[in-house]
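Trainee: The structure under discussion is supplied below as C-alpha cells; questions concerning it will follow.
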Amino acid sequence: MDTDYGTVHTQQSVKGNTLILLIYFISFIVGFPGNCTVIWFTGYRWKKSVTTIWFLNLAIADTLFVIFIPFEITYILMGHYWPFGLFVCRIGSLMFNTGMYASIFFLTFISIDRYCLAFRRDICNKYRYRINIMVMIIISWIISILLSTPYMYFKNTNEKYRNNRDCLEDYHSDNNTYLLRRVVFCISLVMRYLVPSVVMLFCYCLLLFKHSLFLSKGQTYTIVIMITSFMVLWTPYNILYFIDVIGSHYYNADTIIDAAPISISLIFLSSSINPMIYMLVGRYVSFENYSMRESLKLILSEERDNQTNHENEIKMENIN
C-alpha cells in the first residue's frame with residue numbers, strides 16, 4: 001500500500017474513482033479557502049496569543065495537505081498517469097507527510113493545552129508563554145520534516161509495472177530498504193496515530209466528564225466533533241497502514257487496493273474539517289447572535305478563554 005498523495009491505483013473501479021474525486025473536490029474547495037481564512041485572521045488580523053498561535057500553525061499544516069490536491073485530481077482524470085515529473089512527485093510527498101505530522105502534533109498540543117487550562121493552572125502560569133509555545137512549534141515542524149524525509153527520498157516516478165507513469169514509493173530494491181520501510185511505517189503509526197489518539201482521548205474525555213460544568217455548549221460540541229472527526233477519518237487509513245506493516249500474507253491484496261485510496265482521500269478531507277468545525281459551531285451553536293467573523297474570533301482567540309475562565313470562577317463561587 002502506498003501512503004502518499006500520488007498513490008491511487010488503476011485497479012480502482014469507476015465508482016471508486018468517482019467517490020475519491022468527489023472527496024478531493026470537497027477537500028480542496030472547502031479546505032483551501034477555509035484554512036487560508038484561519039491563517040489570515042490568526043496570523044495578521046488578530047492579536048497574537050497562545051491560542052491563536054496554535055490554530056495558525058494547525059491551519060498552515062492543513063494547508064500543506066490540500067495544496068497538492070489539484071495534482072492528484074489531474075493524475076486520476078488522466079487515467080492514473082503522473083505528468084508532473086520526479087521533482088513535483090518528491091516535493092508533494094514531503095509537503096503531504098510534513099503537513100500530516102504537523103497537523104496531528106498541533107491537534108495533540110491543543111488538547112494538552114485545553115487540559116492544562118482546565119486542570120493544571122499551575123503549569124499554565126509557569127510555562128504557558130508565547131516564547132515557550134514558539135519553541136515547541138519550531139521543534140514540531142523540524143521533527144515533522146525529518147520524519148517525512150524518508151518518504152521523499154524513496155519516492156520515484158515508476159513505469160516498470162505498465163506503460164504508464166506513477167508517483168510511487170520504491171522500497172523494493174533490496175532487503176535493507178524494505179526493512180527500513182517497515183521501521184519508518186512503525187514509527188509513523190506510533191507518532192501520528194497511536195500516541196496522539198491516546199493523548200486526545202484522555203484530555204478531551206476528562207474535559208467532558210469532569211469539567212463539563214465549566215464548558216460552554218459551543219466548546220462541548222467542538223470537543224465532541226473534533227474527537228469524532230479525527231477517529232472516523234484517520235482510523236481506516238491507519239488500520240490499513242498497520243496491515244501493510246505486518247506483511248502482505250496477512251491480508252487480501254485486492255481488498256487493500258480498493259480501500260487504500262479511499263482511506264487516503266479521507267485524510268485529505270480531514271484537512272478541511274477543522275475550520276468548518278470552528279465556523280459552524282461558533283455560528284449555530286454557541287454564538288448565534290454574532291457574525292461569522294466574530295464567532296470565529298471568539299473560538300480561536302484568547303478572548304473566549306478569558307471569558308470562560310471568568311464564568312468558571314463565578315460557577316465555582318456558586319458551588320462553594
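Cβ atoms here come from the backbone N, Cα and C positions, even for glycine.
Positions annotated as disulfide bond by Swiss-Prot, on the basis of sequence analysis: C89-C167. Annotation source Swiss-Prot lists N-linked glycosylation site at N175. The topological domain 'Extracellular' feature in Swiss-Prot is assigned to 1-18, 74-91, 155-188, 244-260. Under the heading topological domain 'Cytoplasmic', Swiss-Prot lists 40-52, 113-133, 210-222, 282-320, citing sequence analysis as support. Residues or ranges marked as transmembrane segment by Swiss-Prot on the basis of sequence analysis: 19-39, 53-73, 92-112, 134-154, 189-209, 223-243, 261-281.
Locate each feature and note its surroundings.
Mentor: When pLDDT values are averaged over the topological domain 'Extracellular' (244-260), the model yields 63.
When Cβ-Cβ distances below 8 Å are used as the criterion, the transmembrane segment (92-112) is approached by residues 4-6, 54-55, 57-58, 60-65, 67-68, 71, 136-137, 140-141, 143-145, 147-149, 151-152, 155, 167, 169, 191-193, 195-196, 199-200, 203-204, 226, 230, 267, 270-271 of the same chain, each at least six residues removed from its ends.
Outside the transmembrane segment (189-209) by six or more residues, the chain places 100-101, 104-105, 107-108, 111-112, 114-115, 118-119, 147, 215, 220, 223-224, 226-227, 230-231, 234, 238, 241-242, 245 with a CB less than 8 A from a CB of the stretch.
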Trainee: Name the secondary structure element type, per DSSP in three states, that contains C167 (disulfide bond).
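Mentor: Assignment for C167 (disulfide bond) reads strand.
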Trainee: Across all the protein chains here, work out how many other Cβ atoms are within 10 Å of the Cβ of C167 (disulfide bond).
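Mentor: Summing over all protein chains shown, C167 (disulfide bond) has 26 other Cβ atoms within 10 Å.
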Trainee: Which one of these stretches, 19-39, 53-73, 134-154, 223-243, has the most C-beta pairs shorter than 8 Å to the transmembrane segment (261-281)?
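Mentor: Going through each listed stretch, the top one turns out to be 19-39.
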Trainee: What three-state secondary structure does DSSP assign to C89 (disulfide bond)?
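Mentor: Reduced to three states, the DSSP call for C89 (disulfide bond) is helix.
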